Amino acid sequence: MVFNFFKRKTRDKEQEKLKKQAQLKEQERLKEQERLKEQSRLKEQERREEQEKINEQERLIEQARLKEAARLKEQARLKEEEERRTREQREEQERLKEEERRKENERVKEKLLSEEPDKKGIFSRLKSGLTKTREVLNTDINDLFKSSRKIDDALFEELEEVLITADLGMDITMEMMDRIRKKAGRLSTADQLKAVLKQELIALFPGKEDPETVPALPRPHIIMVVGVNGTGKTTTLGKLATRFTRENKKVLIAAADTFRAAAIEQVGIWADRAGATIVRHKQGADPAAVAYDGVEAAMARGMDVLLIDTAGRLHTQKNLMEELKKIKRTVEKKMPGAPHEVLMVLDATTGQNAISQAKMFHEAVNLTQLALTKLDGTAKGGIVAAVAGTLHLPIRYIGVGESMDDLQEFDAVRFVNALFD
């Protein structure tokens, strides 16, 4: 009985112990569960914080992207606006230039079309054009050649001064005066001295050639027209075209002055008026290409004359002088022996500068003939004799006015007579 009591008591203690162990284990389990729950909560909180951080970064990136996109869009808008303004300004400038060019062409065309044929004879027209030079020469020379005036060194010195003043040039004047002095012993009157002076002036010019005719072969007869800016080169070319068409010749003009759009248009006006055909390219095209096409067209169409207009240039502009050489080479390549004439147009009002200009052009393209314009605008018509005596090139034409018929074939005798008579 006592044994059972102890046995029961031991069992109760064991059960109590097991119960306490179970309670401790449950407490441990609950504690671990709470720890895991807290760990999970902290991990979830960390994940949320990390996601929020990522979201904030993405928001900032998107905000920056939108800001950059807005900046680029505004930049593009401003650039487009600037380009639009620039384009409008350029278009306005082009419009104004085109309007100015149109007005200039209308003015030139109106002037050309309004010209009425002048009924003056060739000699009277020449005399009229040389009025300024003749007035200077006659006033001074008539004072020198008074019937009572003695032919002596003083008279010769004064005559030298008059001739130099007329822009005959120092060298030409001195050479001519040396020859006159040698003849002085045979002269007894002022009229005789005046006659000798006229003879010496005429002798300065190369022997008169037969009137120019366009040869039957080769055809076309190609004339390349050159000169510095402002000499009346294009106007001279237009008057030549009219002269040839009046002779029932088929004329083609190659507008190789591609530097100025107005030049191409003005040549077109001259071609229309003269009844000539024109070959032209756009402004800025290669002048040699225009000349080549002109030769090709003239040969294909059976033209009698091809006139090649070139851009005006200073004789000191080496690159532009090389361009002239290229044009000439191109023409010769297409038609051996061409151009048959290289005509340089000189402005008589430039005086002795015309001689230095012609020398440089002659070295570049081997000039064959000259035309002197604006003789009606100068009192120094002696430049004609100075050019002839210095360059030894034939003067083919002279311009003594703006009318179509004021471009005349040069005749030395007629020219000198017009100066004095």
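We count from 1, first residue shown onward.
Glycine residues also receive a Cβ, built from the backbone N, Cα and C atoms like all the rest.
Now, the feature entries from TrEMBL:
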| type | residues | note |
| --- | --- | --- |
| COMPBIAS | 1-10 | compositional bias 'Basic residues' |
| REGION | 1-54 | region 'Disordered' |
| COMPBIAS | 11-54 | compositional bias 'Basic and acidic residues' |
| REGION | 75-108 | region 'Disordered' |
| BINDING | 227-234, 309-313, 373-376 | GTP binding site |
| DOMAIN | 394-407 | domain 'SRP54-type proteins GTP-binding' |
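Within the same chain, residues 261-262, 265-266, 269 sit at least 6 positions outside the region 'Disordered' (75-108) and bring their C-beta atoms closer than 8 Å to a C-beta of that stretch.
The binding-site residues in question are LYS233, ARG313, and the one with the fewest Cβ neighbours inside 10 Å is ARG313. DSSP gives THR310 (GTP binding site) a strand state. In terms of DSSP secondary structure, the compositional bias 'Basic and acidic residues' (11-54) contains 44 helix, 0 strand, 0 coil. LEU375 (GTP binding site) is surrounded by 27 other CB atoms, counting those within 10 A of its CB over all protein chains shown. Neighbour counts were taken at the CB atom with a 10 A radius for the binding-site residues GLY227, GLY230; the maximum falls on GLY227.
Helix, strand and coil residue tallies for the region 'Disordered' (75-108), in that order: 34 helix, 0 strand, 0 coil [DSSP]. Applying an 8 A CB threshold to same-chain residues 6+ apart, the list for THR310 (GTP binding site) reads MET224, VAL225, VAL226, LYS233, ALA256, ASP257, PRO287, LEU324, ILE327.
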